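Remarks on the structure that follows.
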């Protein structure tokens with residue numbers, strides 16, 4: 001499956017890539033020289049703190065990153081209490097390591113005539129509290145969301161999945177700003193090929209500054225020129241853990257609340273943790289509604305346009321009269337109406353997102369009510385079109401992952417165009433294009449449109465309907481998990497009644 | 001897993017999608033010309049013929065594991081004659097594709113888009129065909145599997161046709177056509193069921209043993225036969241013999257007659273969906289044609305031939321525009337197709353049996 005990548009690996013090892021690495025400089029015997037080289041490394045920055053301790057050495061740290069309290073309480077107290085304190089702490093002997101430690105909020109202790117430096121964790125960050133992510137609200141279930149602190153995020157994951165095989169691998173990216181990234185997976189579930197492919201792709205991710213996992217996403221995703229997201233980005237720990245348990249991996253970056261999950265399939269974007277916290281009738285109903293909204297989101301405007309522009313005869317005569325009545329005084333062709341209305345709607349939603357809460361509501365009123373009714377009264381857009389576009393927008397907002405819902409609305413534009421040019425035929429061809437594309441797409445070598453294509457009937461228990469949880473006894477085979485069995489027979493008691 | 005390998009069930013659906021296409025819409029009309037009210041018997045007879053063809057293909061491919069017809073032809077007919085055969089298969093693919101495209105453009109113009117130029121509607125089909133055709137076999141098989149939903153849709157829509165006045169007496173008496181007429185009718189039906197020759201090209205890529213494959217191939221053609229039989233009977237019962245003689249697409253006319261409170265003209269909605277089976281037929285022959293050309297000129301890479309073959313087909317579609325020319329071309333393609341689905345495999349099979357020890361795999 002990954003033959004292609006193996007061949008290229010060698011090329012990279014020979015130095016095909018530009019290396020950002022700096023040659024390592026060791027610490028010297030001289031205390032003052034060491035202090036000077038650290039100051040030099042930080043280009044005489046003003047927030048570099050120093051504190052001399054008699055008979056011991058010099059503490060050096062970045063004031064802005066450390067908690068002064070911790071220095072007082074832990075280090076100074078510890079040094080006073082016993083001479084053995086230092087031996088318990090950890091050491092480094094390279095200048096670069098010293099710098100990296102300091103950038104992470106550590107305090108360094110340098111001693112006279114000593115080629116090693118001691119470091120103490122004194123990091124003092126301010127974190128926001130754990131709240132529910134605003135983009136992924138649910139009704140029932142856990143309301144925890146990731147925050148901007150990596151160790152807290154990993155803690156959230158670990159607390160949900162108490163598993164000794166849960167592996168966290170730290171990696172650092174960005175040469176001008178060391179961003180720590182954690183790769184999380186469950187060792188006895190994930191397929192090794194996928195992991196190998198991930199590490200191989202990440203080995204190319206070299207850049208000066210990696211702001212967020214979003215950078216990494218664009219570096220490692222399979223196909224950049226596809227409208228569909230090929231990695232699930234989520235802020236919910238429960239969603240991450242559920243995916244880890246199906247043999248996927250997650251990437252969480254420090255200072256970012258987003259976790260990227262792959263290899264993912266298309267239908268995962270239509271599932272919400274809510275589905276699994278309610279009984280299966282409701283869960284299935286909601287899943288169906290969302291998949292219906294997928295179709296409405298892409299096709300409804302184009303179908304409407306095709307009907308009024310080409311195929312009058314498809315709808316009954318009375319209905320056609322009603323439609324015609326609203327269209328009578330509108331001077332534009334339906335495609336212009338549709339596109340302009342859709343753009344207005346995007347404007348309103350974008351403006352409402354950027355503005356603070358209370359003003360955003362005003363935008364809703366002004367945009368939705370005032371513009372909506374005004375354009376109809378001015379005969380710029382027909383009533384029917386307003387209904388169609390509003391329905392489409394609402395449908396697209398039901399999709400639980402924002403990226404996918406935006407994608408759906410984006411895909412609606414070419415659909416409208418196809419509908420207005422070629423009627424139903426145009427829509428049929430456009431849908432075919434999308435379907436072929438979905439069949440072709442892969443996420444880390446795994447088919448994206450699974451379990452529909454390739455069709456695996458027994459795995460469709462969670463696609464259109466959410467079958468009762470006890471019916472999904474096996475994990476999806478597309479991630480090629482090592483242990484396919486998810487559960488035993490939770491309803492076994494039924495037999496013994 | 002090989003990038004090309006497909007599962008048994010995918011093979012089943014590939015065959016179904018290859019067979020079902022534009023032919024179904026006009027099926028009873030053509031068979032009716034010869035077999036009259038007995039044209040539904042012709043469907044069954046055609047199925048028997050196809051079963052025989054399938055057996056020939058299966059026996060040939062079974063003797064040469066891991067080889068497609070392109071390799072086998074060179075094995076027995078020598079380098080040059082073998083290459084000629086392969087080239088003719090490529091050409092055959094081009095002709096069938098052109099036929100599909102021409103009939104499709106004609107159908108669309110008559111039914112949905114009267115004023116859109118044929119070159120534009122053809123372009124839509126060809127470009128979609130290229131996009132799917134240039135993918136590897138696995139992706140093609142995935143797509144061909146899911147689009148079978150359209151066939152289900154056709155069945156669902158057809159249930160509404162039972163609200164028409166159906167007179168099943170049209171099917172009787174059984175003696176209204178003689179054996180010769182029935183076989184002539186079945187010849188027409190066979191033409192509408194072409195496409196199973198894709199097995200000559202994908203046989204080595206299917207995961208499964210020969211017995212299972214034979215079963216699945218039989219299931220595929222039987223399912224197609226049942227579909228065709230069902231629609232033949234339904235249209236024969238819906239329309240009187242006089243009516244059928246003058247309507248070229250009885251299935252569409254049957255749907256056209258239905259109307260509901262929400263939707264009228266189901267035929268148009270249906271026809272829009274029916275684009276998909278038409279496109280899949282196109283893609284199947286694009287696969288045949290391009291893999292033959294790729295083996296001849298591009299060391300097996302289908303990347304380039306997909307483009308120029310499609311361009312060639314697009315060019316050919318401009319030549320045949322009026323009804324008589326279309327009919328002539330269509331008949332020509334139909335007649336030569338028996339060489340490729342029957343004659344060549346049979347000759348190769350006989351050669352393979354005579355020269356037993358040549359190139360038979362010993363695993």
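Keep in mind that glycine also has a Cβ here, set from the backbone N, Cα and C atoms.
Per TrEMBL, the feature transmembrane segment maps to B:12-29 (among others).
Counting same-chain residues at least six beyond the ends of the transmembrane segment (B:41-60), those with a Cβ under 8 angstroms from any Cβ of the stretch are 31, 34-35, 69, 72, 174, 182-183, 185-190, 193, 196-197, 199-200, 203, 210, 213-214, 217-218, 221-222, 225, 228-229, 232, 341-342, 345-346, 348-349, 352. Annotated transmembrane segment per TrEMBL: B:41-60 (among others), in sequence order.
Cβ atoms under 8 Å from those of the transmembrane segment (B:80-104) belong to residues 21-22, 69-70, 73-74, 121-122, 125-126, 129, 194, 275, 278, 281-282, 285-286, 288-290, 292-293, 295-296, 305, 309-310, 312-314, 316-317, 320, 326, 329-330, 332-333, 336-337, 339-340, 344 of the same chain, restricted to positions at least 6 beyond its ends. The feature transmembrane segment is assigned by TrEMBL to B:80-104 (among others).
Under the heading transmembrane segment, TrEMBL lists B:140-162 (among others). Remote same-chain partners of the transmembrane segment (B:140-162), defined as residues 6 or more beyond its termini with a Cβ less than 8 Å from a stretch Cβ, comprise 6-7, 9-11, 13-14, 16-17, 20, 132-133, 227, 230-231, 234, 238, 254-255, 257-258, 260, 266, 270, 273-274, 276-277, 280, 283, 287.
The transmembrane segment annotation in TrEMBL covers B:182-206 (among others).
What TrEMBL lists as transmembrane segment is B:218-239 (among others). For the transmembrane segment (B:218-239), same-chain residues at least 6 beyond its ends with a Cβ under 8 Å from one of its own Cβ atoms are 11-13, 15-16, 19-20, 24, 27-28, 31-32, 37, 39-40, 43-44, 46-47, 50-51, 54, 151, 155, 158, 161, 164, 166-168, 170-171, 189, 192-193, 196, 247, 250-251, 253-254, 257.
What TrEMBL records for B:268-288 (among others) is transmembrane segment.
Summarising the annotation, TrEMBL assigns transmembrane segment to B:304-320 (among others). Taking Cβ pairs closer than 8 Å, the transmembrane segment (B:304-320) reaches residues 90, 93-94, 97-98, 101-102, 105, 118-119, 122-123, 126, 129-130, 133-134, 286, 289-290, 293-294, 297-298, 326, 329 in its own chain, all 6 or more past its ends.
Here TrEMBL flags B:332-355 (among others) as transmembrane segment.
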